[in-house]
Amino acid sequence: MKIETLPAEFEPARPILSRIEEAGFEAYFVGGCVRDTILNLPIHDIDIATSAYPAEIKQIFSRTVDTGIEHGTVMILDHGTGYETTTFRTESGYQDFRRPDSVTFVRSLKEDLQRRDFTINALALKEDGTVVDLFDGLGDLKRHLIKAVGDPAERFHEDALRMMRAARFAAKLGFQIEPGTLAGMSQNAALLEKIAVERIQVEFEKLLLGKAVQNGLAAMLDTKLYLHCPGLKEGGQGLQYLAQQPLTLNNATQAWGALAICLGLDKNQLRPFLKGWKLSNGLITAVSRAVPLVEKLTTKTAGASDLYQAGQQAVADAVVIANSLGGQVDPQAVQAAYQALPIKESGELALNGGDLIKAGVKPGPAMGKALTTLTKQVVEGQLANDYQTLLKAAGELLKA
């Protein structure tokens with residue numbers, strides 16, 4: 001197969017391949033950029049593999065940086081944008097089921113490609129657009145199959161995270177996992193516990209945001225991979241329910257929020273679950289704001305205070321989550337209700353703690369409680385957001 005017109009993203013990198021070839025070595029675009037080009041998907045990273053050893057690359061190009069030279073990776077800066085080239089290599093000894101104990105540089109493209117995870121990622125692309133396919137990756141793209149290169153068990157023992165990647169690609173591309181590869185995932189699912197939670201989390205989040213979430217979740221359920229993920233040992237039914245929903249999730253907050261609701265987590269379980277996945281504090285806060293609002297939006301019981309406490313972004317996320325789980329929430333109506341709030345954050349209240357101190361009120365819990373009550377009354381339209389009105393109301397509250 002030959003791609004007559006390469007996407008524009010490749011153009012700045014093509015001179016690098018030409019220079020390497022002119023020096024007598026092989027060089028190819030490899031991995032996801034080749035797969036996504038063939039599938040007409042957006043291209044993210046341009047990866048280059050070469051038969052030239054790192055020292056030889058540094059002789060060919062004048063401006064280089066050793067970004068991972070022990071693994072054969074050198075960044076070339078000669079053409080402005082930095083591009084990483086990695087020497088063809090074989091790997092051996094995966095004691096942690098993630099990283100090789102040793103790397104050996106080789107001159108053979110086949111030896112390099114056969115260590116890769118899936119056939120659809122083991123494609124190479126020449127500078128002239130010719131696709132090199134040594135493991136029928138093109139056939140598997142046509143068949144919409146995710147298939148391990150060689151023996152699935154070997155690939156998963158080399159890197160147990162590949163099992164999550166298989167499920168993630170199923171969700172992202174809408175592909176099925178080849179039966180032998182799926183069986184290999186079932187047999188080796190427990191190895192996932194050897195992998196850092198943060199790495200599993202990245203793949204799982206991408207899965208939840210895929211266009212075919214159902215495919216990815218089905219793979220996790222069929223292989224029992226989910227049993228080896230944080231907080232999901234009792235989550236089989238919740239994942240099945242999630243897989244049946246008309247999901248249209250757009251960001252991480254929505255993804256984790258929808259998952260939490262389908263798992264039936266209550267307010268006391270939510271934060272520990274999210275922390276177990278090693279999510280950032282900011283994301284945990286965002287999910288914790290959105291989730292309580294979802295049920296209220298779905299049951300039409302969300303009031304002004306609920307919208308105020310959630311904040312604009314959480315309100316928007318909650319609407320998407322609700323509708324992704326089969327709700328009938330009108331986004332425009334909810335947004336209009338939010339915009340109609342008299343104030344949208346505490347700083348907009350016409351009276352603050354400093355004003356009360358000037359008026360002779362002693363700082364303390366009573367003052368804080370009074371300001372909270374005033375805020376609620378303004379949000380709910382019971383009081384005008386006016387300095388004199390609020391000062392008078394505060395005085396009455398503090399006398400009580």
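Positions of Cβ are set from backbone N, Cα and C atoms, glycine also.
What Swiss-Prot records for Gly32, Arg35, Arg116, Asp159, Arg162, Arg165, Arg168 is ATP binding site, and it gives sequence analysis as the kind of evidence. Sequence-distant neighbours of Arg35 (ATP binding site) (same chain, six or more apart, CB under 8 Å from its CB) are Leu41, Ile120, Asn121, Leu123, Gly137, Leu141, listed in sequence order.
Counting Cβ atoms from all protein chains shown, Gly32 (ATP binding site) has 17 others lying within 10 Å of its own Cβ. The feature CTP binding site is assigned by Swiss-Prot to Gly32, Arg35, Arg116, Asp159, Arg162, Arg165, Arg168, with sequence analysis given as support.
Around Asp47 (Mg(2+) binding site), the same-chain residues at least 6 positions away in sequence with a Cβ under 8 Å from its Cβ are Phe29, Val30, Gly31, Gly32, Cys33, Glu84, Thr86. DSSP assigns Asp47 (Mg(2+) binding site) to a strand in the three-state reduction. According to Swiss-Prot, the feature Mg(2+) binding site maps to Asp45, Asp47, an assignment based on sequence analysis.
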